[in-house]
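Per TrEMBL, these features apply:
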DOMAIN    7-246  domain 'Deacetylase sirtuin-type'
ACT_SITE  HIS128  active site, proton acceptor
BINDING   CYS136, CYS139, CYS154, CYS157  Zn(2+) binding site
Amino acid sequence: MGNTSALGANEEAVRRVAAWIRDSRQTVVLTGSGMSTESGIPDFRSQGGLWARVDPRRVATVEALEANYPEVRDFCRKRIEEIKRNRPHRGHEILAGWEHDGRVRAVATQNIGGFHQIAGSRTVHELHGSLRRFHCRECGRPAAEEEFLDGRPCRHCRGRLRPDVVMFGELLPVDVWDAVVAAMHAADLVLVIGTSLEVYPVNQLPALSQGRRVLINLEPTDQQALFDEVLLGKAGEVLSAIDREM
Ligand SMILES: [Zn+2]
């Protein structure tokens with residue numbers, strides 16, 4: 001069973017994690033929706049999250065792309081506007097800085113807004129794809145955001161355009177998944193940030209590492225035993241506290 005520390009209550013734990021990051025040669029980060037909500041992006045699954053107001057079957061399934069295409073586009077447009085209205089926070093910047101300093105090897109994320117890249121992270125594995133890229137369902141060629149939002153067909157084959165996000169009923173992108181599995185196997189330290197690890201199969205990833213595992217999250221998880229340290233708090237604040245100790 002790992003230790004659970006409310007930030008402030010346990011500066012010792014923050015120092016310990018900072019030392020682990022300093023000593024690590026292969027730190028891999030896994031981020032979830034909590035990382036984005038601190039930037040003002042509503043999450044999908046929580047109580048009061050987007051899926052409490054919008055039926056995902058109408059806007060986020062392969063079937064919806066067929067049957068409710070205008071509604072899917074409208075839903076995506078709102079999400080894209082949210083992303084554009086908001087910015088990465090200090091936590092994103094710290095992770096990017098650690099990568100730049102050679103401390104973080106890769107960031108795997110369930111978030112689709114591209115904030116890690118905007119903040120400067122270079123090796124980002126987007127497990128659920130990205131709402132900043134689009135392609136044709138038929139021929140797979142890339143398309144522009146405006147083309148998708150305007151409801152235009154593919155320039156090449158007249159097929160229907162869609163965002164590069166993983167819809168319900170779709171598998172995670174195999175190349176991304178394989179890269180994250182390899183990164184986890186190689187990791188001697190895994191930082192899980194902003195997720196309670198409720199969603200399969202992503203929740204299986206941290207256990208692949210033989211190294212230390214740290215959870216930074218607002219709430220505890222029922223997978224607490226998986227972690228050597230649990231720091232409860234906002235990602236931006238906890239990462240800032242760790243960064244000050246580095
Ligand atoms: Zn096409």
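Going from the start of the chain as shown, residues are counted 1 onward.
In case you wondered, yes, glycine gets a Cβ from its N, Cα and C as well.
Please treat TrEMBL annotations as automatic predictions, because they have not gone through curation.
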When distances run from the Cα of HIS128 (active site, proton acceptor) to each of the binding-site residues CYS136, CYS139, CYS154, CYS157, the nearest one: CYS136
Secondary structure at HIS128 (active site, proton acceptor), reduced by DSSP to three states: coil
Candidate with sparsest Cβ neighbourhood (10 Å radius) among CYS139, CYS154, the listed binding-site residues: CYS139
Average pLDDT across the domain 'Deacetylase sirtuin-type' (7-246), rounded to a whole number: 94
Cβ-Cβ neighbours of the residue listed as 'active site, proton acceptor' (radius 10 Å): 21
Per-residue Cβ crowding (10 Å cut-off), top of binding-site residues CYS136, CYS157: CYS136
Environment of CYS136, CYS139, CYS154, CYS157, the listed Zn(2+) site - residues of the same chain whose CB lies within 8 A of the CB centroid: ARG137, GLU138, GLY140, ARG141, ALA143, PRO153, ARG155, HIS156, ARG158, GLY159, LEU161
